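A.B. asks: Feature annotation from TrEMBL assigns active site, proton donor to Glu186, Glu464. Positions annotated as active site by TrEMBL: Asp336, Glu505. Under the heading Ca(2+) binding site, TrEMBL lists Thr592. Here TrEMBL flags Cys407-Cys450 as disulfide bond.
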Amino acid sequence: MSGGSGPLPYSMRDVGAGGAYNNAKFRHRSRLKIVLQSLATNSSKYRCGKFTVGKFLSLLMVSGLLYLFLHKSPEGLVPDELLGKEVNNNNVRRSPSEWTSRQKKVKEAFEYAWSGYRNYAMGYDELMPLSHRGTDGLGGLGATIVDSLDTAIIMGADDVVSEASRWIEENLMKRISEKGQVNLFETTIRVLGGLLSAYHLSGGDHAGSVDSGIPASYKMANPERLLEVSKDLADRLLLAFTSSPTAIPLSDVILRDRTAHAAPDGLSSTSEASTLQLEFSYLSRVSGDPKYDREAMKVLEHMRTLPKVEGLVPIYINPSSGQFSGENIRLGSRGDSYYEYLLKVWIQQEENRDSSLKYLFEMYTEAMRGVKHLLVRKTVPNELVFVGELPFGRNGDFSPKMDHLVCFLPGTLALGATKGITKKKALENNLLTDEDIENLQLAEDLAKTCVEMYFVTSTGLAPEIAYFHIEGNQEGGPDGGYKSNKYVNDIIIKPLDRHNLLRPETVESLFVLHRITEDPKYREWGWQIFQAFEKHTKVDSGGYSSLDDVTSLPPHRRDKMETFFLGETLKYLYLLFDESNTLPLDKYVFNTEAHPLPVMRSVEQASHSV
Ligand code: DMJ
């Protein structure tokens with residue numbers, strides 16, 4: 001299939017060597033490369049014609065000036081007017097020290113974000129960076145602090161580690177016992193996940209120091225206290241499971257009352273009910289109490305039995321009946337991390353991959369086949385690959401809409417293909433099936449689309465939602481504002497979807513894809529995105545702000561710094577530029593809020609690998 005917008009050619013015959021479906025067709029020449037090539041061409045012309053010393057010196061001067069111009073730009077290496085645009089540095093090879101200095105810039109951004117939060121919002125869930133105050137949108141557990149702690153440990157941001165740890169030690173237990181309603185999913189992925197990851201990285205289970213690659217001097221948190229707080233919080237959250245008449249937990253918990261209740265419409269999001277297991281299973285492992293794992297795993301065991309559409313599931317589930325509700329199928333909001341955790345829970349429990357948890361990898365594999373068959377399409381005119389939606393189920397119309405949230409999928413697909421090792425190593429050891437290679441190809445194509453969602457806008461930052469032009473679809477709408485981008489006619493950004501919440505999904509996938517393919521273009525793309533965040537979201541008085549409209553310059557700001565900017569976005573960028581394979585992907589799984597937890601191996605497996 002070429003050029004059309006029907007189902008995509010993700011079958012074996014199209015992705016093998018020499019196959020028709022070749023990612024190279026997406027590559028276009030960078031402006032830098034064009035200039036250098038034209039200089040080279042000119043210089044060979046000189047060789048052929050009359051080549052005087054004067055001409056040689058002029059050429060040398062022009063090259064020198066060009067070099068200085070590029071390297072003296074404020075962002076370091078790419079001139080300002082090219083930021084977030086069509087720069088394609090696929091073939092640039094930078095030195096390790098360049099990446100280390102870019103990584104340092106990310107750490108500085110993290111410390112800057114923290115300084116805004118600490119100065120104006122310490123103890124609140126989130127910073128409002130423009131009005132200089134805090135807001136408690138997540139139940140009042142100091143969510144930014146807990147979401148940030150493991151990032152600070154990983155980066156070696158010692159001051160942040162000590163401030164965050166002290167606040168947690170002195171305040172969090174009390175907050176948990178006094179606060180009211182919290183959402184089970186948000187509290188699990190951000191707060192419980194953040195506490196457990198910090199517990200591990202600070203040496204709590206004695207494995208953090210072995211596998212993480214994080215220097216011991218950075219481990220300043222008190223792991224015993226982190227575990228104690230984790231257990232207290234999880235004991236209260238467990239009420240959401242045990243109060244439900246089915247295996248599907250209720251969506252909310254009143255912490256101080258130790259009670260749980262369903263959402264007002266009685267429904268839970270499918271992704272929320274199925275994105276709890278990495279955290280609860282790890283807690284069972286380190287606390288020695290099996291109840292956390294048992295309750296959380298019942299959800300997935302139950303979901304295994306429910307009817308699906310080629311492995312795909314509706315985005316709502318009813319905890320009273322235990323059945324899915326409605327027919328809306330998508331990999332964006334309310335659906336996304338169901339698919340992510342099918343794979344990651346299977347990866348996390350290495351000892352059970354071939355036995356009790358095999359069904360999870362089978363569910364994941366079937367779902368990815370469903371995605372390829374029913375949801376993946378190409379745009380016109382330029383054949384960007386994207387994942388759309390089926391709002392009315394299998395028999396309803398296809399919607400060419402993709403949330404930025406779907407950009408987690410390239411990373412998940414790549415992880416599912418190699419299970420965390422590099423593609424090179426997997427190929428050398430003959431570990432990739434045709435389907436793995438096909439999924440890796442899809443991952444690379446989708447990552448390209450996700451970064452183009454950034455590069456088509458005036459700010460170089462992605463909107464919350466994009467629509468895509470497909471053949472035969474009348475959906476109209478405005479573009480992203482950057483008219484010179486090749487894909488400006490492929491991507492539609494509707495007025496209500498133009499905001500950017502500093503979300504992590506694209507840079508998350510760039511990090512995973514770079515680790516797995518070792519292709520430097522993912523780092524270059526990540527650097528461009530980081531520069532756009534720096535340019536448009538940094539607030540003078542400290543912190544970073546969400547935006548109302550990524551298509552207008554200067555963009556209007558939204559007065560909110562989401563916790564996941566520190567917990568996820570900056571952590572993934574930092575790790576993307578890391579030179580030393582910190583937190584190797586075959587030894588760690590990142591929960592959906594980017595909190596790394598160790599792959600759990602049996603004692604026997606661990607001793608074999610030493
Ligand atoms: C985070 O809380 C998690 O990544 C979640 O899975 C999806 N939404 C936000 C980030 O965008």
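Every residue, even glycine, has its Cβ placed from backbone N, Cα and C.
Surface or core, plus neighbours and distances: that's what I need for these features.
C.D. replies: For Glu186 (active site, proton donor), the number of other Cβ atoms no farther than 10 Å from its own Cβ, over all displayed protein chains, is 20. Mapped onto three states, the DSSP output places Glu186 (active site, proton donor) in helix.
For Asp336 (active site), the Cβ neighbour count at a 10 Å cut-off comes to 25, with all displayed protein chains included.
Taken residue by residue with DSSP, Glu464 (active site, proton donor) is part of neither helix nor strand, so it is coil. Counting only residues at least six positions away in the same chain, the Cβ atoms of Asp403, His404, Asp497, Arg498, His499, Asn500, Leu501, Arg503 sit under 8 Å from the Cβ of Glu464 (active site, proton donor).
For the recorded site, Glu505 (active site), the DSSP three-state label reads helix. Annotation for Glu505 (active site): same-chain Cβ neighbours under 8 Å, separated by at least 6 residues, are His404, Leu405, Val406, Cys407, Phe408, Cys450.
The DSSP secondary structure for Thr592 (Ca(2+) binding site) is coil. The 10 Å shell around the Cβ of Thr592 (Ca(2+) binding site) contains 26 further Cβ atoms across the protein chains shown.
In the three-state DSSP scheme, Cys450 (disulfide bond) falls into the helix class.
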A.B. asks: Have a look around Cys407 (disulfide bond) and count the other CB atoms within 10 A of its CB, chains all included.
C.D. replies: 29
A.B. asks: Under 6 Å from ligand 1 by C-beta, which of these recorded positions make it: Glu186, Cys407, Cys450, Glu464? Sequence order, please.
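C.D. replies: The qualifying recorded positions: none of them.
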A.B. asks: If you run the three-state DSSP split on Asp336 (active site), which class comes out?
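C.D. replies: Its secondary structure by DSSP: helix.
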A.B. asks: Work out how many Å separate Glu186 (active site, proton donor) and Asp336 (active site) at their Cα atoms, rounded off.
C.D. replies: 14
A.B. asks: Let's check the environment of Cys450 (disulfide bond): how many other CB atoms sit within 10 Å of its CB?
C.D. replies: 29
A.B. asks: For Cys407 (disulfide bond), what is the secondary structure state per DSSP, taken as helix, strand or coil?
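C.D. replies: For Cys407 (disulfide bond) - judged by DSSP and reduced to three states - the answer is helix.
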